[in-house]
Amino acid sequence: MVPKLFTSQICLLLLLGLMGVEGSLHAKPQQFTWAQWFEIQHINMTSQQCTNAMRVINNYQRRCKNQNTFLRTTFANVVNVCGNPNMTCPSNKTRKNCHQSGSQVPLIHCNLTTPSPQNISNCGYAQTPANMFYIVACDNRDQRRDPPQYPVVPVHLDRII
């Protein structure tokens, strides 16, 4: 019994460690709410070129993000999608707070082509424009830090379809 207990504790620690690593890859910078971070990552494309636009995100995360999608719409329009019927999130079947856009939007998908772990300013990206539907996860706003005009806000771009 003791070896099994010891082995299971090691497995549990390994699993928790892996979850911590995965969680840290999706972590937001502390100074932002989830809605603010969503807007930075998926709405505010600061340049027409992915390589330049991704520098903003990469500087916050201190790493080259593998891929990212910028929706060419407004934050208010995405907030309106939060009012569409709830659905199960495709990327996490235990979450039921996803909503699909009712129409396609122009978007730009950025894909890392030149990793640069030593200097994130040198990360290079290819970009693919498209018109697609999207699915977002929405939650109640952060009462202390998000503006009160939107009680429910997008917090995660779950899928583009």
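Each Cβ is built from the backbone N, Cα and C atoms, and glycine gets one as well.
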Let me make sure I read this right: Swiss-Prot says CYS110 forms a disulphide bond with another cysteine. Which one, out of CYS50, CYS64? CYS50
According to Swiss-Prot, the cysteine among CYS123, CYS138 that forms a disulfide bond with CYS64 is CYS123
With reference to Swiss-Prot, specify which of the listed residues CYS98, CYS138 is paired with CYS89 by a disulfide. CYS98
Pop the Cα-Cα gap between CYS98 (disulfide bond) and CYS82 (disulfide bond) into the table, whole Å please. 8
Residue from ASN44, THR69, CYS123, CYS138 whose C-alpha is spatially nearest that of CYS98 (disulfide bond), among the recorded positions: CYS138
Least Cβ-packed of the recorded positions THR69, ASN86 (other Cβ atoms within 10 Å) is ASN86
Tell me the coarse DSSP state (helix, strand, coil) of CYS64 (disulfide bond). coil
Around the substrate site formed by LYS65, ASN66, GLN67, ASN68, THR69, which additional residues qualify by having Cβ within 8 Å of the site's Cβ center? MET54, HIS109, CYS110, ASN111, LEU112
